[in-house]
Amino acid sequence: MREPGGEGSGTGSLLHRGRAAGELAWQAQPAAVAGSLVVVLLMGTAPVATAWLTKLVLDGLAGDGGRSVLLPLAAALGVAGLALVVLPHVSEYLTGQLHRGLQRLIYDRLFRAVNADPGLSRFENPSFHDELRLAHEAGQNAPQQIVGSSLAICQGLLTLLGFMATLTVLSPVMVVIVIAAALPSARVQLALSRRRARTMWGISSNTRRQIFFSALLTSPDAAKEVRLFGLGDFLRTRMLTELKTVNEAERDLDRRTLRSQGLLSLLGAAVAAGGLFWAVLAATAGGLSVGDVSVFVAAVAGVQTALTSIVGQWASAHNALLMFGHYLGVVQADPGLPVPAEPTALPPLREGIELRDVWFRYDDEHPWVLRGVDLFIPHGQAVALVGLNGAGKSTLVKLLCRLYDPVRGSIHWDGVDLRDMRPADLRERIGVVFQDYMSYDLTAGENIMLGDLAAGADPELVRTAARRAGIHDTLADLPKGYDTLLSRIFFGDDEDQQAGVVLSGGQWQRLALARALMRHHRDLLILDEPSSGLDAEAEHAVHLGLRRHRAGRTSVLISHRLGALREADLIVVLSEGKIAERGSHRELVALGGEYARLFALQASGYEPTSAVPAEGSMEDSAEESMSTAAPGPRPAMG
Ligand SMILES: Nc1ncnc2c1ncn2[C@@H]1O[C@H](COP(=O)(O)OP(=O)(O)OP(=O)(O)O)[C@@H](O)[C@H]1O
């Protein structure tokens with residue numbers, strides 16, 4: 001369910017959020033906060049002092065004030081004027097310092113919190129992405145806005161009190177009128193602020209989609225298909241449609257703001273004009289001096305400006321507090337995957353990993369992907385998972401890595417439930433390459449080193465992993481060897497700013513394999529389609545190497561090329577979320593079931609007499625051939 005992080009949400013009251021923002025500011029930049037407070041004090045009192053000094057100078061000039069009185073007053077007026085000119089620049093510098101310090105601290109906390117979630121579910125929830133986008137946006141300026149507005153409110157209050165005292169001396173009625181005229185403004189501003197926060201939440205998905213379509217239009221990964229399928233106009237139109245929705249919502253808000261503020265400004269101007277009229281009448285009747293009129297005019301303008309500023313700043317702070325709720329919502333959220341308070345220590349694998357009646361679906365509304373899987377992966381053995389597309393193979397390995405928890409049933413590491421251990425401890429013992437591996441816009445060496453940051457500091461270990469994955473020679477021949485940047489969107493950091501190098505799909509896959517092999521000594525090695533993009537020779541070499549390397553180690557291997565799996569100690573056929581068959585290659589072929597059918601189908605592709613399917617039969621067999629993945633097994637190699 002999509003819930004905005006409004007005032008009543010679990011992220012606390014506005015006061016709580018304000019305190020949190022203040023604490024963050026103090027931790028980030030105590031000197032800038034203290035300096036800003038001093039500046040606020042000076043800037044808040046300077047306008048009142050200026051108005052009074054002006055009155056005294058004018059009265060001195062109109063009366064018989066001597067040089068001895070007027071000169072110090074003029075000097076003081078000069079100092080006050082100077083302060084009013086210089087202090088805004090000091091304030092701007094301090095605000096900048098505070099902004100930079102806060103932003104660093106805020107993003108540090110935000111991304112720490114995002115990283116602290118060991119599971120994947122939250123990342124697959126659109127509401128989380130809406131919240132994250134607003135949290136990110138709030139991180140850019142909400143706490144800064146809250147602190148800045150609070151300081152501005154303090155400054156406004158100082159000025160307001162000074163001018164109100166002044167007005168009270170001259171016309172107490174005027175104080176009441178000016179304040180009464182400001183009250184509707186306060187109500188309207190707060191209502192607008194709430195509406196703005198609701199609108200931002202409402203258009204969050206549209207904004208994300210607009211960013212998504214813009215990114216597709218410029219992404220080097222998408223550029224090929226966008227051009228070949230002529231998708232440019234289609235994506236641009238979709239992007240503009242989302243932008244139109246965003247713009248319309250913002251325009252409605254701006255119109256509402258314009259209407260309300262226009263009326264309120266008229267009211268303020270009418271009050272100021274009425275006050276001036278009264279002051280002139282009182283002066284002509286001899287009730288006020290010239291200086292009194294000047295300080296009265298300054299006081300009415302000062303009270304109105306201060307009130308407008310206070311109300312405006314409060315509305316901005318209010319809006320920022322509502323937005324800041326999204327930030328706190330993400331930072332204070334419980335992890336999607338529970339982490340035990342007292343985790344069980346995770347010893348090296350001795351017996352094996354057991355799935356006990358594991359049921360899993362990605363969401364309550366989604367169909368079951370795994371339906372009661374019982375499987376034992378013995379220590380030191382290679383287990384292969386086979387099945388059609390969507391059978392649940394990758395899901396099963398994601399559960400083994402505890403990226404999700406089973407909905408029913410459990411998974412045990414030497415008898416210990418994975419839920420009772422720290423996910424980070426578990427992952428320390430696992431090496432994985434997924435079929436949808438990452439390609440990082442970093443150097444070749446860094447792309448491998450990421451597999452084990454600690455061990456990756458040793459270049460020899462990186463090279464060994466690359467040799468095992470059969471990519472060493474390719475990388476060594478790159479312009480800067482392992483230091484070559486593999487990127488199409490960045491230049492290298494070095495002086496010559498050389499453009500990055502582009503690898504082929506199979507080369508990237510070997511690099512991903514090398515990354516996983518940085519963890520070759522881990523207890524469990526999971527290889528999900530490690531060779532789907534390799535040429536026949538490379539696949540043969542990689543599988544030979546892997547088999548040698550896996551000997552005596554626990555591994556789980558997924559491949560649609562059944563020839564690559566035939567040496568596995570145990571082959572498990574998954575079908576519609578259940579284990580349909582299990583046994584060695586020989587046993588399963590003898591069984592004559594699904595595995596035997598798939599294996600025969602793939603092997604037939606290599607028969608010289610293999611017939612071209614008759615017209616029409618392509619569609620029938622399309623789904624099967626998709627799942628068995630061309631170009632099929634190489635039984636001779638297996
Ligand atoms: N993150 C996800 N959220 C929702 N459903 C998912 C997610 N990942 C996979 N699925 C669904 O779960 C089912 C099993 O997917 P899975 O990737 O485990 O299959 P697979 O056997 O590895 O398939 P393939 O051979 O195509 O790689 C599919 O129906 C898929 O649509």
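Positions of Cβ are set from backbone N, Cα and C atoms, glycine also.
Bear in mind that TrEMBL entries carry predicted annotations, made automatically and left uncurated.
What TrEMBL lists as domain 'ABC transmembrane type-1' is 34-319.
The feature domain 'ABC transporter' is assigned by TrEMBL to 353-601.
The region 'Disordered' feature in TrEMBL is assigned to 609-638.
The transmembrane segment annotation in TrEMBL covers 33-58 (among others).
The annotation transmembrane segment is assigned in TrEMBL to 70-90 (among others).
Taken from TrEMBL, the feature transmembrane segment covers 160-186 (among others).
Summarising the annotation, TrEMBL assigns transmembrane segment to 263-281 (among others). Listed as Cβ neighbours of the transmembrane segment (263-281) (distance under 8 Å, sequence separation of 6 or more from its ends, same chain) are residues 170-171, 174, 177-178, 181-182, 184-185, 188, 288, 292-293, 296-297, 300-301, 304, 308.
Tertiary proximity for the transmembrane segment (293-315) is limited to same-chain residues at least six positions away from its ends with a CB under 8 Å from its CB atoms, namely 47-48, 50-52, 54-55, 58, 149-150, 152-153, 156-157, 159-160, 162-164, 166-167, 170-171, 174-175, 178-179, 182, 185-186, 189-190, 192-193, 268, 271-272, 275-276, 279-280, 283. Residues or ranges marked as transmembrane segment by TrEMBL: 293-315 (among others).
Long-range neighbours of the transmembrane segment (160-186) within the same chain, counting only residues 6 or more positions beyond its ends whose Cβ lies under 8 Å from a Cβ of the stretch, are 44-45, 47-49, 51-52, 264, 267-268, 271, 274-275, 278-279, 288, 292, 295-296, 298-300, 302-304, 306-308, 310-311, 314. Same-chain residues lying 6 or more positions outside the transmembrane segment (33-58) and placing a CB less than 8 Å from one of its CB atoms are 25-26, 70, 73-74, 76-77, 80-81, 83-84, 87-88, 90-91, 94-95, 98, 147, 151-152, 154-159, 162-163, 166, 289-292, 294-295, 298-299, 302.
Summarised as a single figure, the pLDDT of the domain 'ABC transporter' (353-601) averages 88.
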